[in-house]
Every structure is written in C-alpha cells, then in structure tokens.
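Pulled from Swiss-Prot:
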TRANSIT   1-44  transit peptide
BINDING   G203, G204, A205, G206, V207, G208, K209, T210  ATP binding site
Amino acid sequence: MLKKQALSGIRRFSLATKQSFVKTSYKLPRKSWLNTAKFNTIRYASTEAAKHNKGSIKQVIGAVVDCQFEDADSLPSILNALEVKLPDNKRLVLEVAQHVGENTVRTIAMDGTEGLVRGTAVIDTGSPISIPVGPGTLGRIMNVIGEPVDERGPIKAVKYSPIHADAPSFEEQSTTPEILETGIKVVDLLAPYARGGKIGLFGGAGVGKTVFIQELINNIAKAHGGYSVFTGVGERTREGNDLYREMQETGVIKLEGESKAALVFGQMNEPPGARARVALTGLTVAEYFRDIEGQDVLLFIDNIFRFTQAGSEVSALLGRIPSAVGYQPTLATDMGAMQERITTTKKGSITSVQAVYVPADDLTDPAPATTFAHLDATTVLSRSISELGIYPAVDPLDSKSRMMDPRILGEEHYNLAGSVQQMLQEYKSLQDIIAILGMDELSEADKLTVERARKVQRFLSQPFAVAEVFTGIEGRLVSLKDTIRSFKEILEGKHDSLPESAFYMVGSIDDAVKKAEKIAQELAA
C-alpha cells in the first residue's frame, strides 16, 4: 500500500514539474539565416563585438574541430563562421555544425587541418561564411570562402554576402515559360530547356557530362550574352584548369577587358566541408547578378552528386545515423534548401545546368533520385548509346522536359518530337526480332521504319566545338528552325536514298546531303 502511494506521488510530482517547465521554458523564435546579422546584433550589440568573442581549439579529428568558449552565453550560432589565424598570414575558416555541451561547438573545417594544435585561438565572425560578390568576381577563380586562387590579386567586391540565405518568397517568383535554345539538336527537339529553369544532366562515369556542359557554356554563354557562373564541385582539377584556359581562348574570360563568367572551385582534393559548401558559394555569386543587377544568369554546377557525397561525409564525421545506402538522413532537406534558391524572380533569372553523376548507372540511387524532383528538364546520357559511337550520348526516350507542351512549343514542334520518339521506340521493340530472325523477316513497313529510325539515331549525333581537338570535325551549332526542318524531311522520306553514314556527325540536313555527295564522289573515284 505504502509503495503504491509513493509511486503515485512520484508520478504527480514528475507531471507537475514537466508542466511547470513547459510553461516557463523560453521558446526561441525561428530565425532565417538571412537575418543572421540582425540576430547577432541582438546578442552582441554589433557584428564587430561578435569578432571579439574568442575561444580555443579543444580537439581536432580530421576535418572536425571542437572549439571551446568561455561561457555558454557567448557560444557562436549554428552555421556561424569561425576563423583561425595560421602562419604566413593565412586563415582557416570553420563552420559551426553542432553545440555539444560544456561550452563547446563542433565545427567543420573548410580547408586542411594539418598543423592545428589544441589551445590555438579561434575568433567568432558573428555571421555565416561571407564571400565577395559583384562585377569584380567576373573573370576570377574563387574558392569556397571567397578567396581568389588565380594568383591575380584580391577581388574587388561590391559587398560581401553570406552563403546561407532564404529562397525567394512565392510572391517574388516568376513562372512565365520560355525556351532556352542550346544549338544541340537532340536537346532542342526532344527535351528542350526552360529559361530560368533547372536542368539535370544524368550519366555514369565517362559518358560525356563535362564535355556536354562545356559545349553548353560555349553555345549559350556566347549567344545568351549575359553572365555565367561555373561551379566545380568535387571534380577533377585538370578539367577546371582546361575550362579556364578555353574560356580565355574563346573570349568569355578576358584578363584585361570585361569578362562574362565567374568561376568557383572546390575540387576533388578539397576537404568534405569545402565540397559541401562550394555549390552555395557559386549560387551566392549568381544571386547577386539576379537580385541586384536584374540579370539572366547561367549557373553551371559540375557535379551536384559531389555536393551530396560531401554532405554524406560531413554527416558521418558528425556522428549522425546514416540513411539508405549510407547517405545522410538530411539528404532531401540539404538538396531542397539549395535547389529552391535557384529560381526565376520578377527581377531576373538563374538558369542552372547541373551535371549529376549516377553511381553504377543506377538512376534509383537516392542521390540522383532526390535531384530528379527539383528539375524542369532531365537529359540522360546513356552508356549503350555512347558504345554505338553516337555523341552526345543523350537517350532520346529517357530524357524529359516539362516544356514539352504544344502551348509552349507550338503544334509542329510538339508533334514532330512525338513522331521521332515513336519511331525510335518502334525500332527498339523490333531489335529483338532483328537479332533473332534478321531484317528479311520484317514486313515492308517495318523495314522502312527501321531504316529511317537508324538514320534519325545517327542524325541525333552532333560534332561539338569543344571536342574538335579529339574528333577533328568542326563543331556545329544548329538553330531550332533548322532542327525541326531537318527531322521533318527525314520522317517524310525525302532523304531515303542517302546512306546511313551521311547522317552521322553532321549539323543540319544540308550538311548530311553534302556529306552524301562527298561519299558518292569517293566511291566513284
């Protein structure tokens, strides 16, 4: 009896204590990182005062650094940047990821932690990582924290912006559909890109994602005339170097005059913290041109999978329980926070082209599958098509676009794209019969379908200007008008007499006719 009374008394006391705690607990307001400076002004009276908030390094484990501050009231906020002064006037930036108790914050380093020791002084900057933005970034190469890495002196910044920001509000966004012409036949005809949209370039290793992106920069950046921001996320340093030199040769970057592109790199050799944040750095540079200057900006990200991969590494370093296939549990949140910032507003637009590496060619892998949800158009590069020697190796049946609407494209373009895909699908279904029984067992109608489909398949190939050094074939940029006319003539049977080889690696149908004449002359000789 006494035992029961004691237990009920403990339960009543626990419940009363819990209710009292809930009533008296201080609820912190939900703050966006756009208002970080304002939040720190409340806490420290000024951002400058926050800079006097000093701590010291308590523990270093790889890219994770624990920093201890004097008292709990002076702890830096989550996502704040901390600075460590290193020899030779260098600085190491740490980003706060967790509050772990005992006046200690756990941070992720944006560079190597070699040489760090316990007790080294750390300064709270009072805001997230801030980078230089404005016209001064054009023609320059920056790293994740906005430092120039092209050995051409400091960047002349209009202002400094934090890399963590809110997406534009619903009222600010614009939704007028407009086609972005690329000059690449297979894209413009079957999966056209939206101006101010998000485009995904999916493919496994070595199918031509980077070459495709470089061709898009070459075609669109020149014709488009606006500003471009190229963000290299966890890819090869050699490719970044090649791109920089090519941009100088083509005049997109001028060392003396006015450049049209800014480059931001966090390559394969960088720590996971840098690779997980460099995409946000590039996006922040693009947002300035959209929001302040009202420009239509092109944002190229190569490779968005490395952003997810780096996030997974950071998550594991912080001790979070992994999700499916070992990815971070916050995969969808991380991706959504970044992708929602890439949009068209009433002031300007950001059109983004993102290369997406597909691990083991598996499109159901959580990383590419999460990216799919945010895209307006998907261009899938297929290994089976690249094995046929058809480049760009775009899968015409797997690539999709929300712009495939007769109200946007017009009836002629929409119907032609449907007819081309139908013919290729019929050819695909007949391939098994051909492999077993041969062409002779097909009906006359099926034989004609196969012949035209093979010509269409070869005609979807195109010589690229950036690949001219490998192929020896001059690059071709084909207008949408010529693309529609060319495919219409092939489907109508106007070029049934031409050999299949005449349609391979040419621009418009006129080039195919000239190539056929050249082949005929060579055979006659």
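Using N, Cα and C of the backbone, Cβ positions are placed for all residues, glycine too.
Because the structure is a prediction, the values reported are computed rather than measured.
Shown here: features listed in Swiss-Prot, placed on the structure.
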{"residue": "G203", "record": "ATP binding site", "CB count, 10 Å": "26"}
{"residue": "G204", "record": "ATP binding site", "CB count, 10 Å": "17"}
{"residue": "A205", "record": "ATP binding site", "CB count, 10 Å": "11"}
{"residue": "G206", "record": "ATP binding site", "CB count, 10 Å": "10"}
{"residue": "V207", "record": "ATP binding site", "CB count, 10 Å": "25"}
{"residue": "G208", "record": "ATP binding site", "CB count, 10 Å": "19"}
{"residue": "K209", "record": "ATP binding site", "CB count, 10 Å": "26"}
{"residue": "T210", "record": "ATP binding site", "CB count, 10 Å": "21"}
Can you see whether DSSP assigns K209 (ATP binding site) to helix, strand or coil?
helix
Going by DSSP, give the three-state secondary structure for G204 (ATP binding site).
coil
